[in-house]
């Protein structure tokens, strides 16, 4: 299942990836005008009308001896999506660990376990308030879906240029983090990178 999702994201099958992306974007856009119940029910009706029509068509071909009678959606019906007991336990353990880790991180951020990390979180939430004024969660979700289907492909085709830009941005972020950490710790000059610090000059 994970490999099939990655194939969709990296456009291994252009037609299928295009259909999935279009369906997701159209479905999300429809939520601007319709309720989620209406959207889900309408999409379900459309899918059922299509699949039943195709099933009846293939059955008629078999009755008229123009087809082999094979189920048109056999590949989807045979798709194994079940989990073994060990796999279910493994995924449940991962989910519990991730949940506890997220709760622990939020606890340290809200109760200022680390002043610098809490200040970063405060600044991030301040920026999110401005983002909330510009757009709603549904708009961000649509942008996220488009980004998931476009950014990986763009990165593959422009990997060297993107890596160069990311390296420069990371260097600037590290520089700002170093300055903020020194300010939180009381200021002072940056540490001497030479081993043992600066050596006194001999007369």
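For all residues, glycine too, the Cβ spot is worked out from N, Cα and C.
Residues or ranges marked as domain 'Reticulon' in TrEMBL: 5-203. Feature annotation from TrEMBL assigns transmembrane segment to 20-39, 109-131, 137-156. Feature annotation from TrEMBL assigns region 'Disordered' to 184-203.
Here the transmembrane segment (137-156) has long-range neighbours at 8-11, 17, 21, 24-25, 28-29, 31-32, 131, 162, meaning same-chain residues at least 6 beyond its ends whose C-beta is under 8 angstroms from one of its own. Residues 8, 138, 141-142, 145-146, 149 of the same chain lie 6+ residues outside the transmembrane segment (20-39) yet bring a C-beta within less than 8 angstroms of a C-beta in it.
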